[in-house]
Amino acid sequence: MRPLDEKETTAVFEKIFKFTGNNLKNIVENPSHEGPDKEPGRYCFRLHKNKVYYVSDSLVKRATNVARTKLASIGTCVGRFTHGGNFHLTIECLNLLAANAKHKVWLKPTSEMSFLYANHVLKGGLGRITESIAPGDGVVVFSMSDLPLGFGVAAKSTQDCRKLDPNAIVVLHQADIGEYLRMENQHEQIIEE
Amino acid sequence: MFTRGYQVSSSGLLIVCLIYLQTEDVDGPLVKLPPPTTKLPREKHLPKPKPPTKWEEFAKKKGIKKRKKDKVVWDEQTGTWKRRFGYDHVNDDKDIPIIEAKMTDEPGEDPFAKRQDDKKKRVEKQEKNRFQNLKQAAKLGALPSHVQLAATALPITGTQVPPKKVTKDELGNVAGMAATSTASGGKFDRKLPGEKPAKKQGKHRKFLPVVEGSGIGSREKEQTENVLNKLISKHSHEILNVDKAVTMYNVKKEKKARIERIKKGGHHQPQTS
């Protein structure tokens, strides 16, 4: 477990910035009231075995007591670095993103299941969409009851969405909460949480 | 050169000469060129006469002449024709089955081993003599060329090759460099006493401490803040939604204009938005 170096921090922040915009500041400087200290600590990012974790101060301090080989995970895993050095966000990041998202999309009940099976969001399944989305922006997908379902990348801008036919892709799927069930082997740690 | 009032170039002259020299051949016109007259200078000096070796001097003094030797010689031991030297040669120590004991022999001495030892000594002596001859020739600058080329310590006349000096540090690194070619990168090689571990190649990455003080330290805070600010400033041009700002401005302007009109015209003016 070690803190991220500059390059890694930029990579992580860039990815999150796509979804949150300036609310990234809220994520980074979030006060955490965990732990026995009276004063609120902060949340920090730690790298362990190519996975980036979003942990509170006090938890990090206590996690240093666990051996490196025996440490499974700490806090929430926001993403992982691939072998080639690229950073991808994982589904556990959803809560963070949903709270601070700039661009949101609401799905109709009929197309919720389709998205949870890792399909892209089609125009026909779109319920609501925030305005001023540019193509390539990060988008958090909600159900009509404001439950965060996952996140993805916008394929078209809001203006273009109006002119599309119902079978065109609006949001490219990146992660959804159905993954918890579909990828039981990979996400063993998540199931335990 | 001028002939008949117009210039003839040197290449033209050349071609004219070639045409004059040509003869007819089966395949076509053939030109037989005269033998060359320009002499090119030598790069290296003429070989110096090498001094006579010790044996040559002795032979001259005694009047011993060289004799032509046969390639194959009759071997008494095996009763066959064998080479004078080399692979399957005459008078081989291997072929002698029995050595008769002499009165002068000491008991407990192996005569076969003695023969081998004697041969070794003879060979060593010969090597020494050959080396002495070469040294003598080198002193006069008359080394045979193949030896001259092989001897890297000697400067070759005309192109001085300076001896390559290896510094103490380089020598220290050599073992480490060679060790990287092993399967485990030289990590588990047995080291001599006093040998320092090999230097790591590549940039030394220094990471911030995991926990500084209690959890997140000042250095880490500084780093994250820097990165955050850089990122936000990079995308600062996107904060402003130009269309939205323009519409808001227009709406404000119209509202202002409407209020002015009402003020000026009083309550007789109809309200226009």
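Just so you know, glycine gets a Cβ as well, placed from its N, Cα and C.
Positions annotated as compositional bias 'Low complexity' by TrEMBL: B:177-186.
Here the compositional bias 'Basic and acidic residues' (B:187-198) has long-range neighbours at 172-173, 175-177, 179-180, meaning same-chain residues at least 6 beyond its ends whose C-beta is under 8 angstroms from one of its own. The compositional bias 'Basic and acidic residues' annotation in TrEMBL covers B:187-198.
Non-local neighbours of the region 'Disordered' (B:34-54) in the same chain are 21, 60, 129, 132-133, 136-137, 140-145, 157-158; each lies 6+ residues outside the stretch with a CB under 8 Å from one of its CB atoms. Taken from TrEMBL, the feature region 'Disordered' covers B:34-54 (among others).
Annotation comment: TrEMBL describes B:101-130 (among others) as region 'Disordered'.
Here TrEMBL flags B:177-223 (among others) as region 'Disordered'.
The signal peptide annotation in TrEMBL covers B:1-23.
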Inset, instruction - By DSSP assignment, list the helix, strand and coil residue numbers for the region 'Disordered' (B:177-223), in that order. - result: 9 helix, 0 strand, 38 coil
Inset, instruction - Using a Cβ-Cβ cut-off of under 8 Å, list the residues of the same chain that are 6+ residues beyond the ends of the region 'Disordered' (B:101-130) and lie near it. - result: 54-55, 93
Legend entry - DSSP-assigned states of the region 'Disordered' (B:34-54) in counts, ordered helix, strand, coil: 1 helix, 0 strand, 20 coil
Inset, instruction - Count up the helix, strand and coil residues in the region 'Disordered' (B:101-130) according to DSSP, in that order. - result: 20 helix, 0 strand, 10 coil
